[in-house]
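Annotated domain 'Amino acid transporter transmembrane' per TrEMBL: 34-464, in sequence order. The transmembrane segment annotation in TrEMBL covers 38-61, 67-88, 187-211, 280-299, 319-339, 382-402, 408-427, 439-458.
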Amino acid sequence: MTRDVQARMNTFMLDTMESAKSTAAADDDNSSKRKGTWVTAGAHIITAVIGSGVLSLSWAIAQLGWIAGPVTLLLFSAITWFTSTLLADCCRDPISGRRCSSYMDAVKSNLGGIHYKLCGFAQYGNLVGISIGYSITAAISMAAIKRSGCFHKNGHDAGCHVKNNVFMIIFGFIEIILSQIPNLHELSGLSVVAAIMSFAYSTIGLGLSIAKLAGSHARTSLTGTTVGVDVTSAQKIWNCFEAMGDIAFAYAFSTVLVEIQDTVKSNPPENEAMKKATSVGISITTVFYMLCGVLGYAALGNKAPGNFLTGFGFYEPYWLIDVANVCIIVHLVGAYQVFCQPIFKCVEDWCSNRWPNNSFIKEGRPISLPIFGVYHFSAFRLVWRTAYVIMTTTVAMIFPFFNDVLGLLGGASFLPLTVYFPIQMHIAREKIQPWSCKWIWLNVLVLLCSVISLPAAAGSIEGIVKDLRIFKPFTSVS
């Protein structure tokens, strides 16, 4: 009898220990244990935010001028911060408390119906567009490194033109390799490196602007580019719209905010950690944006190029410009993955649910890699993600229009993804009564943002149409 009781006690203790191990290895929603903190979330945000957008800000402020430029920048910053805090509170199902793993999941849990489908179209369309935009930007920076050496050797008046396609292919090859990283949880290290790179090239651009400003005075004005001198009246209007789109794109990270929050552990509460990460990330990036945009415009004036580090507003010291462009490339390598992982996950989850017994989709083979440990190889992941990178690279070679693409992405995505859905989810979650003061001002904010976003998208479309009239696909030259 004693032995039987002892055996039962041993069994109970073993079961308890196994249960404790299982609980320790799982989060509060029974998924694998999350390890992210507000610091890693902030790194993801900075990686996502300080990207191609910062490079076009001096051009954007040149179109808008000394007053409207900085005001527009601060306005987009404030709106993005406010709606991001609302979105952070909407990342759990309002009934079950289950954590949402994607933006679409959050919209489905809080709004459902047609909103869910519209969100999917807007979010994933935007993420694909960002992938294309980053491919264009990285290729331009690679080409700029080659061109800067040519300018240093042959003088600033030399042509030094370089075809971009080969650099887009190189960038695509790198992304094919990195796209085999299974998920966003495994990207923390890459995001930290990318965030450091973004600070590096922004600081270099800032230093170059200060140095040029000290040596010469470019022509600037309160209203930006001058009609009849720099542009026609029609060009001024369209360029101002496009500039607003570029600034909106500079804050385009709401599309991955829920996915980033899903990497954060639940203790302390992930929404509070995410709000802290958002506040720190947006504050830091806004300071950099103001410095780079304003000082870049002061240094380069109304002739500021679309990309202030590759458009050769600066020529010397050429080695420092090369370092800045290397930093841009490394940053975009990481940022591309941050924005692509939600697309990869969406397609892979859908295929797993659609064909649950398909061995090609479900099965993975563990491979031991030096330093990195065990990697679970998936043939489906290899084929699908490689095909996606090839597709975005090909489209980038067909439409390599830097400012126009950024403006279109910013204008088209800012209203639905950064403003409309977070506000509507907040209204539904908090059960705000229609026509109450809070309901009215939240919807007025949506209306005001639509007045900004729609013309911004239209201005960029006009620019793309104009470029297509004279451009032949696959012949992009820097």
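Cβ coordinates are placed from backbone N, Cα and C, and glycine is handled just like the others.
If you look at the transmembrane segment (319-339), the same-chain residues 6 or more away from its ends with a CB under 8 A from one of its CBs are 44, 47-48, 50-52, 55, 127, 130-131, 134-135, 137-138, 141-142, 144-145, 148-149, 171, 174-175, 178-179, 181, 184, 187, 190-191, 193-195, 197-198, 200-201, 204-205, 208, 255-256, 309-310. Away from its own ends, the transmembrane segment (408-427) comes close to residues 53, 76, 79-80, 83-84, 86-87, 89-90, 103, 106-107, 110-111, 115, 118-119, 122-123, 125-126, 129-130, 133, 241, 244-252, 254-255, 439, 442-443, 445-446, 449-450, 452-461, 464 of its chain (Cβ-Cβ under 8 Å, at least six residues beyond either end). Among residues of the same chain six or more beyond the transmembrane segment (38-61), those with a C-beta under 8 A of the stretch's C-beta atoms are 69-70, 73, 133-134, 137, 184, 187-188, 191-192, 194-195, 198-199, 202, 205, 209, 224, 243-244, 246-247, 249-253, 256-257, 260-261, 263-264, 273-274, 276-278, 280-282, 284-285, 288-289, 292-294, 296-297, 299-300, 304-310, 313, 328, 331-332, 334-335, 338-339, 402-403, 406, 410.
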